[in-house]
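Asker: Encoded as structure tokens, here's the structure I'll be asking about.
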Amino acid sequence: MRVAASALLAGAASAAVAPQQQILKFPSSFSELKEDLWSKPLHNLEESLKSLTGEAKATWDEVATMYPESFDKAAFFSTPKPHTRKHDSEWDHIVKGADVQSVWVENAQGEKEREIDGKLEQFDLRVKKVDPSVLGVDKVKQYSGYLDDNEEDKHLFYWFFESRNDPKNDPVVLWLNGGPGCSSLMGLFMELGPASVMKDGKLKHNDYSWNANASVIFLDQPVNVGYSYSSGSVSNTVAAGKDIYALLTLFFKQFPEYSKQPFHISGESYAGHYIPVFASEILSHKKRNINLQSVLIGNGLTDGLTQYEYYRPMACGEGGWPAVLDESSCQAMDNAYPRCASLIENCYKSESVWSCVPASIYCNNAMIGPYQRTGQNVYDVRRPCGDNQLCYDEIDYISAFLNKKEVMKAVGAEVSSYDSCNFDINRNFLLQGDWMKPYHRVVPGLLEEIPVLVYAGDADYICNWLGNKAWTEALEWKGHEEYKKAEMKDFKIDGDGKKVGEVKSSGNFTFMKIHAGGHMVPFDQPEASLEMVNRWLSGEFWE
């Protein structure tokens, strides 16, 4: 039996370092190191810890004593990924942010103003036309390439697939996997993309791909994830949001035929952090070429204080599936939760490193650790883990495919190798306190402007449906009371009437539970997943 090394947990369970015990160091082997970029996270941590109170230091000491291995494993930040940048002549298009930023227009008052908001001068977008016949992923028009942040030396890889239906009118969707530190190309080839990778390395057509009625962009972010790379690092969600705005702005500038169509951000897991912040960043720019219409968060981590309370019920048979843990383990989790909740509350109050890191370490060990040690799949309570570190053998098939030289050449990948998940990134985010920060507080502002869908497969443990339903009902916003009172109704496939889940909706807020779906709903329930997406994008649940 294999113990699951959850992407959402592996870094968190070993990601912090007590300042009084360890000295954070750089890795010994660096390629093209820009030391100032790598020193920023350490400097920020040092500055945050200067204000460490006696009470906070006692908390650090307490959690470090309880879980010493978790604190000892993060003395190093990750090493930059080896890469070779291609000459500009090898790309079909290059969009320079400085050129976009230099365009001025006259407003209604006769005053000159920039056509598009934002700080874009440091960004470029490189674009490659992908020949569909070379790889056989899909027959539709495809583009891949990099968003380059020349100031911070960051390079984010993307892969765009046009809609199979009506690309001139169909919406555009951005897909983000979580981790933090897992490649969105996993989502492409394992969940919602045009094809999946089989054990023999061959591709299998996906009839339920989300590009059935929408064009989809898969983005490897943050840097040093998948085909993306940097000599520096990103270790918090807010910093990553600036990159997303630049990517979309330059992409839609190069391809204006997509810019007027409805645009939606979707993702799963730690994307429950990313998506509210990324959407808020886009909406903060009033002069933009991004027609953001909604967001979709699948089995996300968004409000830790509410969600962590529901690990014990899900593990102990109260989530609709048989119990995974015995009574003594369930009782131990009950006993541990009050301390966990207290630590998260402290994090919510200060949003500082010194309060948020101990909360993550304690709560992940106390509330997720007992389940993880059983060897059961943290992404699906019905199954044991497979041989892969992340429980699914399909991840190995995908990695092998994306490491083929002909594949990397076809899409213009510049890194020496592809990894599905980078656990160092996971630890970096936690070490900066990002893990437990209250990003759900951004959601009420989003609901003022756009619809928000939170969906969850009902067999997931790591970001389970109980916790996701609970945080949406606890969220304070102007439609809170009406949403909380809204009843769950059957969600059925149009045509045959097959029940595939339940849904509740009020105002701009919708929650959906997908039956027999794990952490990755499109993987477990592809038909129900596409039904959900098609009907959501059509505006069926919006008010």
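Every residue, even glycine, has its Cβ placed from backbone N, Cα and C.
Because the structure is a prediction, the values reported are computed rather than measured.
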Asker: Based on what Swiss-Prot records, which one of Cys316, Cys340 is disulphide-bonded to Cys330?
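Answerer: The record-listed partner cysteine is Cys316.
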Asker: Can you count the other CB atoms that lie within 10 A of the CB of Asp460 (active site)?
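Answerer: Result for Asp460 (active site): 30 neighbouring Cβ atoms inside 10 Å.
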Asker: Spatially speaking, which of the active-site residues Ser269, Asp460, His519 is closest to Cys421 (disulfide bond)? Use C-alpha to C-alpha, please.
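Answerer: Spatially nearest to Cys421 (disulfide bond) by Cα position is Ser269.
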Asker: Quick one: of the recorded positions Asn213, Ser269, Cys356, Asp460, which has its CA closest to the CA of Cys391 (disulfide bond)?
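Answerer: Going through Asn213, Ser269, Cys356, Asp460 one by one, the closest to Cys391 (disulfide bond) is Asp460.
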Asker: List the Cα distance (Å, whole number) between Cys182 (disulfide bond) and Asp460 (active site).
Answerer: 18
Asker: Quick one: give me the count of other CB atoms within 10 A of the CB of Cys385 (disulfide bond).
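Answerer: That number is 23.
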Asker: Just counting, how many other CB atoms are there within 10 A of the CB of Cys421 (disulfide bond)?
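Answerer: Summing over all protein chains shown, Cys421 (disulfide bond) has 26 other Cβ atoms within 10 Å.
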Asker: Ranking the disulfide-bonded residues Cys182, Cys316, Cys363, Cys391 by other Cβ atoms within 10 Å, which is at the bottom?
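Answerer: Relative to the other disulfide-bonded residues in Cys182, Cys316, Cys363, Cys391, Cys316 has the fewest Cβ atoms within 10 Å.
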